[in-house]
Amino acid sequence: MKLVIALLLLVIGTVAFHFLSPWWFTPLASNWGAIDDTIGITFWITGIVFVLVNLFLAYCVYKFRFKKGHKSDYEPENKKLEYWLTGITTLGVVAMLAPGLVVWAQFVDIPEEAKIVEVVGQQWQWGFRFPGADGKLGSADNPFVSTTNPLGINPSDPAGQDDRLVLSSELKLPLGQPTKVLLRSKDVLHNFTVPQFRVKMDLVPGTISKLWFTPTREGRFDILCMELCGIAHYAMRGYVHVVSPQEYNKWLTTLPTFAETQQGGSGDAVAGENSYISCGACHGQQGEGNASMNAPKLAGLSDWYITRQIKNYQNGIRGSHKDDIFGQQMVGMAQILADPVTLRNVAAYISTLEETQTTNTVEGNADKGASLYVTCGACHGRQGEGNFALNAPRLAGQQDWYLKRQLTHFKKGIRGTNAKDQYGKQMILMAKMLTSEQDINDLLTHINTF
Amino acid sequence: MFATLREKSWLNSPSATASGGFNSEISRKTVALRFFLAVISVLFSLFIVTFLARSQFPDFQALAGQAWQPFTNPQQLWVNTGILLAASVAIQFASSSAKNNRLLAANIAIALCGLFTLAFIGAQILVWQHLIDLGYFVASNPANSYFYLFTAIHGLHLVGGIFVLLRLGLRSTAQTQNSLIISTSLCANYWHYLLLVWVLLFALLTSTPDTYKTLAALCGF
Amino acid sequence: MEHVAIADQVEELHNPSSFISKYVWSQDHKVIAIQYGITAILVGLVALVLSGLMRLQLGFPESFDFIDPSSYLQFVTMHGMIMVIYLLTALLLGGFGNYLIPLMIGARDMVFPYLNMLSYWTYLLAVIVLLASFFVPGGPTGAGWTLYPPQAILDGTPGYDMGIVLMLLSLAIFIVAFTMGGLNYVTTILQARTKGMTLMRMPLSIWGIFVATILGLLAFPALLVSAIMMLFDKLLSTSFFMPAIVSMGEQLDYTGGSPILFQHLFWFFGHPEVYIVALPAFGMVSDVLAVHARKNIFGYRMMVWAIVAIGAMSFVVWAHHMYVSGMHPAFGFFFATTTLIIAVPTAIKVYNWVLTLWRGNIHLTTPMLFAIGFIFTFTHGGLTGLFLGNVVIDLPLSDTYFVVAHFHMVMGVSPILVLFAALYHWYPLITGKMFNATLGKLHFWCTFLGTYAIYLPMHYLGFLGVPRRYYAMGTTDFIPESAQTLNASITVAAILVGLAQLIFIANVIWSIFKGEKSGPNPWHATSLEWQAEQIPPAHGNWGEKLPEVHRWAYDFSVPGARDDYIPQNMSNDDVPLEPGQTLQIREEH
């Protein structure tokens, strides 16, 4: 009897849960309403079968429960009934499969007028590329990848010179434009997913995979990686902004072409020395840092990292949080380097500064820290040496009080919350694995051993 | 078989005296060997399918076809094939000797089979050495990788066979003639099968890119 | 010395004398089965704990400092691999296959007892190698149970060095063990059936195990092939699966390989693997249902055909796991069609289980509760499979929690409910004691309701688009706060279900020592294993003569007979009849 009630309640509960659940597909933002319709059909058919089979099951358990002296029916088989059931099941299956295949045919058949965007995945970031005026993407392959050519575009292919690059995880797409997405990976498998668009596809190194959709709703949507790609898989995020075609076209012209990205000269360290004097007031003339001024060590950091941080300060991406007191100071200071050439020179100068010994201020368990660092080391390097390809700055030799403050800020959302701070967002996700202050101390004690 | 599956077994009259599946030792070991050979066939088939798929990638450079490639004229492999054939003949001879109750001859033939098989494995290792001397390392091209892979897996199956032979040789005097007949005939099947596999692999590994292309197209790649 | 046990009159059984040869280096299929069973359950408990750790992180992120992104992925990977291969496959085939085959077909032992023993010890070695990977530098692999290259062997994935090598090695050893066992099972079923035991008189348990074993023999080579080739890629730097790659900013030496090739191989194994687990479960649950409903299994022939059809079709549906893998999209049409076709025989099995209860005389014993629970969960899991198999619906749902919920429902919860049904059903046979029914029922309610509380809501996280294999969701624009509440409640349910398994373990151990004696055939079952002279059956299973089979395994409640069951080895002349009646065996109702 208990079982009968339980089965009935489970059936009723399941149906009720389904209809009352606030957890359901996110509102559609693409042309793939047909997918939602197919799901609807499947839901009705499977739902009816689920309810009927289990209600019948409950009925049997109730009606034919053990009664003393009662004997079961003897019935080896009943061909007619079995044929009927097979036939009805087949009909149900066809009713689900046929619309599914029709919609799949639409997905496979990419419309001629679709505009191309290329998505390039790497551990654990996105990059994008649009064809230039010629409407054609230049060829690209992983062996072409270098620090100055992060997307691996073939430098000798003329079609690639005018391609426009997005070297960040934010993409814009025009409303109502059928879009063909070409997917490519630099390292491992990834998967390009925007839940609101409904369609997804893996990025496979060595091949180019495709999908298409037409954005039908303006707004900002999350891009997620949905194929396990290593330790920071869950932090491989991005945004796609669906905007009006006008806004999109305007944005497109602000993107650098591939040819432009190949021209940028390197900074002049000698010229940078002069401009550094004001920085040195706090950070020390050798960039050795000054704990009493709350100024971290700069010596040992790479020019690309310095450049990115100063730009972040200038653009309000870093230091704009009200609780980030020292960051706010830097916002002001960063305006001194408003001229890109000056910034480049200063960054070059800083990268020439000699390393100095730092004093340790935290104490913790280096062994525990080492096991925590496994995750960090995936990007920042096993010895904390930093890695340009992953946009991960050097940690080795940095003062621990500074790292501690930054980790705390990431955890509290004081740093990295700005919508444009894509690496900061990753660091927020990563820093959350440090659940206590002790964890942070352990980790920093390990970093201090580098 | 379909008739078996349609039996209405609840009507217990006609088949009440059926003998079940109960059988003598010979068919049991034969059945097991057949299933085992089926497993190995699947194993090699899958390797071969991946080979054909991989052969259509641009970086694949076949080991035969052009004059400078090592297996355009695969003399050494022909010699090895001869050695394995000799092993196969020897074990067949052992099997027929056992049937005629010539135990000494059977034992000598078993030993010869083992020696030829060892010689084959040694000769395959010499081929490896030869390839390495020519600069065809395992990782330098997928065709090379597959050559080493195929020969290694095939060789491992022969090594397994040698262990069975060893046991057979050590115990052959203590065995009844009947069980020696069964064992040698099963071994003979195994050796013939591995010879066949080797011949197929030989043909595959020394084919030209055009052949691969045709085969791959047939498989739908 | 090799000892050949023969199902024939010729008695040449290996006669164990000492404790060691009786219980350690045993060649008795029943002892080997128990060894397999205990090892599988122990390693399964490890996997259960790992899943608990995963759930803690998902339900209560930022609370546990010993779970970081690396260890989380390692838990996920090892949980999946252990559960699918080392628990389910080993327990269903190595455990139940070993125990039931000779007893149910009337043989004295497996046809190759020595090989059978070797199979167990090789399996144990595989388990040890697997567990060893927890203690090597870098820890076990965290590449997901699918072990997809390139990430499985590249920096950036936990355990990409020694962990993955040990994993692949352990799988290779497992496959060797399985092949030794599997050859034994099929040969025994084909060649050692006792007199009168035609194929169509075999209980469905044996049919399920038989077809599953053939699937295993033919499918595991695909896993072996992919494991060997990946080991080559890892250790010898070949490029079977590895294309040109820039890993962590560094150009690697690989070139030209195809990661998708691995996926084809993996799923050519992986999909039949689902049925390697499911078919024995289908078979065993059929027998449990028939015995406890006191009714013949409905549509026996259809049930056999369905098992065979599902087994055969399971080799042509593999790429439905790869709809969004970047393979040629045209494959989607073919594989969606085959996948939905396979739903038909599967549905028929469900109907027949329910129809077996129809007009039965249902005893709601502990095993029966689990069996009925299975019908419910399997219906649910099977139906959600129709979503994922339909290629276009897979686009939004693949790689979300919907997939996780679906396959746990269909190949986690359902087979495990059957395993419990089977363990309770055959417990008296294996130990000679009855288990404690109250504890058994408590265990059922916790497990059945608890697992549904875990997995029903999980489907809805999937609809929402929550990705699987995420260490933490962080903040997104589309996932509401309430999803975290849901996650937390799932975790609470999961922990409770995990703890409820202690009831089972306590019951099993307690009943061995304190349980009531069960007597020879406590469920009044018809199949041969219950007709042995001794319970538990002695070495050699049968007395001086092998049993002779006169009927199929489902003669329950035959009109005219006095009792509601007629054992398979009872001839028509011996059946006690109702006064003034004759046996009325009809073709159709």
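From the backbone N, Cα and C atoms, a Cβ is placed for every residue, glycine too.
Per TrEMBL, domain 'Cytochrome oxidase subunit I profile' is recorded for C:19-550.
As annotated by TrEMBL, transmembrane segment applies to C:31-56 (among others). For the transmembrane segment (C:31-56), the list of distant contacts is 22-23, 63-64, 67, 72, 75-76, 78-79, 82-83, 86-87, 90-91, 94-99, 116-117, 119-120, 123-124, 127, 130-131, 430, 490-491, 494-495, 498, 501: same-chain residues at least six beyond its ends, Cβ to Cβ under 8 Å.
The transmembrane segment annotation in TrEMBL covers C:76-101 (among others). Counting residues 6+ beyond its ends, the transmembrane segment (C:76-101) has Cβ neighbours under 8 Å at 29-30, 32-34, 36-37, 39-41, 43-44, 46-47, 50-51, 54, 107, 110, 116, 119-120, 123, 126-127, 130, 134, 140-145, 147, 167, 171, 174, 178, 181-182, 185, 188-189, 205-206, 209, 212-213, 216, 273, 276-277, 280-281, 284, 411-412, 415-416, 419, 422, 426, 430, 469, 529 in the same chain.
The transmembrane segment annotation in TrEMBL covers C:113-136 (among others).
The transmembrane segment annotation in TrEMBL covers C:164-186 (among others).
The transmembrane segment annotation in TrEMBL covers C:206-232 (among others).
Under the heading transmembrane segment, TrEMBL lists C:274-291 (among others). Cβ atoms under 8 Å from those of the transmembrane segment (C:274-291) belong to residues 84, 88-89, 92-93, 96-97, 203-209, 211-212, 215-216, 219, 297, 303, 307, 310-311, 314, 349, 353, 356-357, 367-368, 370-372, 374-375, 407, 410-411, 414-415, 418-419, 421-422, 425, 523-527, 553-554, 556 of the same chain, restricted to positions at least 6 beyond its ends.
Taken from TrEMBL, the feature transmembrane segment covers C:303-324 (among others).
What TrEMBL lists as transmembrane segment is C:330-348 (among others). Remote same-chain partners of the transmembrane segment (C:330-348), defined as residues 6 or more beyond its termini with a Cβ less than 8 Å from a stretch Cβ, comprise 299, 302, 305-306, 309-310, 313-314, 316-320, 322-323, 382, 385-386, 389-392.
For the transmembrane segment (C:369-393), same-chain residues at least 6 beyond its ends with a Cβ under 8 Å from one of its own Cβ atoms are 281, 285, 288-289, 292, 317, 320, 323, 332-333, 335-336, 339-340, 343, 346-347, 350, 353-354, 357, 402-403, 405-411, 413-414, 417-418, 420-421, 424, 441, 444, 447-448, 451-452, 456, 459. According to TrEMBL, the transmembrane segment annotation covers C:369-393 (among others).
Summarising the annotation, TrEMBL assigns transmembrane segment to C:405-430 (among others).
Cβ atoms under 8 Å from those of the transmembrane segment (C:442-466) belong to residues 366, 369-370, 373, 376-377, 380, 384, 396-397, 400-406, 408-409, 413, 416-417, 420, 473, 478-479, 483, 486-487, 489-490, 493-494, 496-497, 500-501, 503-504, 507 of the same chain, restricted to positions at least 6 beyond its ends. Among the features that TrEMBL reports, transmembrane segment is placed at C:442-466 (among others).
Long-range contacts of the transmembrane segment (C:486-510) within the same chain, counting only residues at least 6 positions beyond its ends with a Cβ under 8 Å from a Cβ of the stretch, are 45, 48-49, 51-52, 55-56, 58-60, 420, 423, 427, 435-436, 439-440, 442-443, 446-447, 450-451, 453-454, 457-458, 460-461. Residues or ranges marked as transmembrane segment by TrEMBL: C:486-510 (among others).
According to TrEMBL, the region 'Disordered' annotation covers C:565-589. Within the same chain, residues 106, 197, 201, 294, 521, 524-528, 530-531, 547-553, 555-559 sit at least 6 positions outside the region 'Disordered' (C:565-589) and bring their C-beta atoms closer than 8 Å to a C-beta of that stretch.
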Helix, strand and coil totals (DSSP H, G, I; E, B; other) for the region 'Disordered' (C:565-589): 3 helix, 2 strand, 20 coil
Contact between the transmembrane segment (C:303-324) and the transmembrane segment (C:405-430) (3 or more Cβ pairs under 8 Å, separation 6+): no
Confidence summary for the domain 'Cytochrome oxidase subunit I profile' (C:19-550), mean pLDDT rounded: 94
